[in-house]
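What TrEMBL records for 36-54, 66-83, 89-108, 115-136, 163-188, 209-234, 246-269, 281-306 is transmembrane segment.
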Amino acid sequence: MSLLSNQMSPARWAVLLAAVVGLELANRLTGAGTSLMLAEMLILAIFAASLNLLMSYGHMVSFGHAAFFGLGAYGFTLAVSRAGLPVELALLFGPLLAGFGGLVFGALCVRLTEIYFAMLTLACAQITYTVLFQWYDVTGGDTGITGFMPARFGLSEANFTTLVLVVLAVCLALMARLVASPLGLAIRAVGQDRWRAEALGLAPRRVQLVAFVISAAFAGVAGTLFAAFQGAAFPDYAGLGFTLEALIMVVLGGLHSFWGGVLGAVLFTQLRHWAPVLTGHWGLLLGIVLLIFVIALPHGVAALGARLGLGPKGDRA
């Protein structure tokens, strides 16, 4: 069963197409400030979608997903600044380094389950952050790496945002194909009941490791784009703060929904953007919103959209 065909009616396709067109129109018809805000929102959507893939379908809660965001940023940055590679080739090194990090850390983490798995991912992320923070000769330490290339590849704000929108669309298409593939079904089966999946002949650890690596690589794509967006890479990209933001996005958007990460990133970014207008207490506002969602809308914006007939039904993991 395909998420793209069987679960998406023409009306819902029209809604999604309208959203893409609306984003591009907002990007082209407004000022540079709006384009920059949209670019950040779309990059975070890729990051949140990568975590949502791991949590909603693999049922693996990661407290260290920002490690791969940071590795993606530094993989790209080091390939340009230290190795002197062309930007086009260096773009591959971010996702590759993040995927390799996912392979190494995942091989350790999938040996455990539930809270022990989550805490081990946190430990791996702290190791990554510490290395990036203290390895001055390579990573620049706490000052990071700056000035290695013009921000946004030297593109205008609007053109860079269009590029990010295209990358997001490609990433979501690949994720949808994965979820609907035999591998995706195996990931869901192991996530729902690993013992039953093992009895059916699946290798739970191997399946979880593959899911972990794929999710890490997509996070690396987001990290690469964010480093290009900022024209810099800093250790904080691998810090706990970015992981918590991604977790909040997934919760706001809706766990167990394919579109949860994307919708959550949109809502989170808009809240943060407009918070100074509404109140000077961003943390207080975010806490109130989280309380409302957890109590009144536990399945997030995606569930609300499904009730209104605006989102895909049946995409629960």
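Every residue gets a Cβ built from N, Cα and C, even glycine.
Tallying C-beta pairs under 8 angstroms between the transmembrane segment (209-234) and each of 36-54, 66-83, 163-188, 281-306 places 66-83 first. Most Cβ pairs within less than 8 Å of the transmembrane segment (163-188), among stretches 36-54, 66-83, 115-136, belong to 36-54. Same-chain residues lying 6 or more positions outside the transmembrane segment (115-136) and placing a CB less than 8 Å from one of its CB atoms are 60-67, 70-71, 74, 101, 105, 108-109, 142, 235, 238-240, 243.
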